[in-house]
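Residues or ranges marked as region 'Disordered' in TrEMBL: B:23-43. Annotation source TrEMBL lists domain 'Yip1' at B:67-220. The transmembrane segment annotation in TrEMBL covers B:80-99, B:111-132, B:144-166, B:172-194, B:206-225.
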Amino acid sequence: MASPNNLQFQEFEEAAELLSADPGASTLSMSGSNTPNTTASAGEDVKLDVSEDEEGQQESSELLGGQKPSGGFWTFEYYQSFFDVDTMQVLDRVKGSVMPQPGRNFIKYYLRSNPDLYGPFWICVTLVFSVVISGNLSTFLAEQKNPTFHYRPQFHRVTIAAVVIFMYAWLVPIGLWGFLTWRQGAERQIGGYSFLETVCVYGYSLFIYIPTSILWIIPYDWLHWTLILIAMAISGSVLVLTFWPVVRDDTKVTAVATVVTIVVLHTLLAVGCKLYFFHAETSPPTALPTTSTLHNHTTLAIKTD
Amino acid sequence: MAASEEASRPFAGLSDVSISEDIPVEGDISVPVGPSRRDDEFSTLDEPVKDTIMRDLRAVGNKFIHVLYPKRSSALLRDWDLWGPLLLCVTLALLLQGGAADHEDQGGPQFAEVFVIVWFGSIIITLNSKLLGGTISFFQSLCVLGYCIMPLTVAMVVCRIVLVISSGRVVFAVRLAVVTASFGWSTFASTAFLADSQPPNRKALVVYPVFLFYFVIAWMILTYSPQQ
């Protein structure tokens, strides 16, 4: 009596997890509820569900790491499975990206094979607008003492910021995932992350830059660089803690090179945003050759002489 | 003869059926001239053009009133139309023109940028709410989001009028207050209509993009600075 029931129970747990990850499955009568109570009541139906979905699971596990989408990529339900999160889950993941702890792998601990696209997408959009708006405000405050300064909205920066941030948040994970998959060859189940999980961890790791960019409104150079260091430390450690366990089985050189590349790219993004969008008091603006800015420089130079 | 006998045989079993006298069995066998009569009820081809235009204008005006006094009504959702959002978007984009720009791309948003932000923003928010499991339809959501831009358009008109007078700090404080109030009003109005269609544990996930959308539009309005 003990062993068959034990095996059965283990099967139910996995299936229950799968089912709670995808409440849109036809066996549940309640829609959108992820509470564990429902899994107990749906015990019998869960078994049927697992057997039906095995074929679909094997096809799609490559991209999604175990999450089963329902339907082909041309159906709406396929994309709905990427948005299968509640408010509390999103807030938990954001909290995990802001406070990384050495034992916790972001993907294993917070995502738990339910990666979502809601977080990465809206964090990127918010970051674009927060960087542009804060940069605008910071320029305005820094040039307050200049009587010839005329305020400009500088709306073209939205396009530039959007292109840069979205390219970083999508192309770098593609490259990293491709590289890691190539290095592991056929041993994907052992350590690899799916593409969606990589995109997810990169998206959530960008969250710390939103409050950082808001704090960059205060126009002191030393404050900017301190904030950059703190933000990069937190964000970089989330990424390093996530990817180190996967990479450390490789040769020493490759492992270190991969981690260093991740950190360097992250640094480039932060420093690039800071230099282009934010001009503190002491540093001269580097990228906006308007006549009024040049005029400001000549007046400043005259004043200091 | 033989044919009539054969024809009567299928009804042979009915020979003992009788209908009592007091049940009236009468009617009109002639087929009514249906199609043309039904067409008269629903066809709007024959009405004067003024009636057609006034009907649509009245519907649009009715929805504007619903936005002014937002209460959870299904009228806005049921009869959606996109005339109002188009009108508001064009007005807003036109009013945002003519901002300060001695360098081509240093100024405020161009007409196309406003259009893209409003329409693509609404489409993305609608897709987001549908992907999260909302029950509202695509065009209904576009309709609601577009109509709720109205307070912000009113704020833009007020800002431009006030900026004609002067452009000092007091005027900036007035503009800030007006834009903040209208931004809050827009967000409140649209969530009053949209909130019911979401599962309860994901409401905040749907409301946040709406908040961000109106915040960006409010930012564009507030930072409009006239040419000097």
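Here the Cβ of each residue, glycine as well, is placed from N, Cα and C on the backbone.
Residues 92, 96, 99-100, 108-109, 114, 117-118, 121-122, 124-125, 128-129, 132, 134, 145, 148-149, 152, 155-156, 159-160, 163, 167, 175-176, 179-180, 182-183, 186-187, 190-191, 194-195, 198 of the same chain lie 6+ residues outside the transmembrane segment (B:206-225) yet bring a C-beta within less than 8 angstroms of a C-beta in it. Listed by sequence, the residues of this chain that lie at least six past the ends of the transmembrane segment (B:80-99) yet keep a Cβ under 8 A from its Cβ atoms are 56, 59-60, 63-64, 107-109, 111, 114-115, 118-119, 122, 137, 139-140, 142-147, 149-150, 152-153, 156-157, 160, 217, 220-221, 224-227. Only residues 6 or more beyond the boundaries of the transmembrane segment (B:144-166), in the same chain, are considered here, and those with a CB under 8 A from a CB of the stretch are 63-64, 66-68, 76-77, 80, 82, 84-86, 88-89, 91-92, 95-96, 118, 122, 125-126, 136, 174-175, 178-179, 181-183, 185-187, 189-190, 193-194, 210, 213-214, 217-218, 221-222, 224, 226.
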